[in-house]
Amino acid sequence: MERRNPLPYPVTPELRNSQPALRWGAPWAQGLQNSFPNTTSLPYPENDPVQPPSSEPTVGGSTNPASPNDEILIAVFGMTGTGKTTFIEKVSGQKLNIGHNLHSCTMNIEKIHCKIGNYNITLVDTPGFDDTSRSDTDVLILIANWLRESYKQHTLLSGIIYLHRISDPRMSGSSIKNLRMFRKLCGAESMHNVSLVTTMWDKVTRVEGETREKDLMDGENGFWRAMIKSGCLVRRHDGSVESARGLVAELASMKRTVLRLQEEIAEGKKLIETDAGVSLNEELLRVKRQHEEELRCVKEEMEAAMRSGKHLAHSNPLVFSRSVGSGK
């Protein structure tokens, strides 16, 4: 496969190492803290350039397939409550910390090692962008740091599983946000390594589930349509161990891939300059504008009420005085 260089000049290891590739933290964290003073961010390395693998992976595409003796890295993404931790338990046979309430139980990125056939599998449990204990900013920082370290260690993903509850009657705002961030992290050229997996089939009738699945794939909104056109798989998880292990085994022999976020990091972009960072910043600005509009409306209503009270006092002081004195 011919390697594609996305930059307008040759990229040599010397050039990549000479770039201050990851001064991620300062402008990104500062800008967010100014707008959201309660937001806490993870620390960033100030001057730690990404070292490219000795055998440079294809940027924006796949590399050689993994052999059974290699460690196979497969990441599991999805909203809180889609069953990520339970899915990993089914595959690995290990008991993990599962949250059965509204709170996320995935506080950090966790790696779980297991074996499927002759393959040595490492499953990566990731927090969703609707995490109850972290801001979206902190989640992106956490995932970006992990992807960066994996790239530096020459460990690339063979597969990415994105879980979605088929029991959800519609795509909520959180679902859309999670999916959008996931697409930005992966990039279109890594979609061949992605499996969109629906869960919770036991909570719907077959007709309901198939109708919702069809809507996700090619309905009026077609939230998955672009990803499917780019080559991702669509699969169902029936909740069994065999189903979970089969879904992982399907991705184990895939060619390893460089995600879009890893590609951008290797190019020397700051986190806020990446596609995922830009998307998150736009969302934060939208929320900020919404809050400012709500505050403006409340302020106008209060001012109108005060003017109305003053008008009543001036027009009929006796009535106003009696109203105030009686507490009416």
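Cβ from N, Cα, C; glycine included.
Listed features, source TrEMBL:
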COILED    244-308  coiled coil
COMPBIAS  31-42  compositional bias 'Polar residues'
COMPBIAS  56-67  compositional bias 'Polar residues'
DOMAIN    74-141  domain 'G'
REGION    26-67  region 'Disordered'
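Regional average pLDDT for the coiled coil (244-308) in the model is 85. For the domain 'G' (74-141), the number of residues in each DSSP class (helix H, G, I; strand E, B; coil) is 15 helix, 19 strand, 34 coil.
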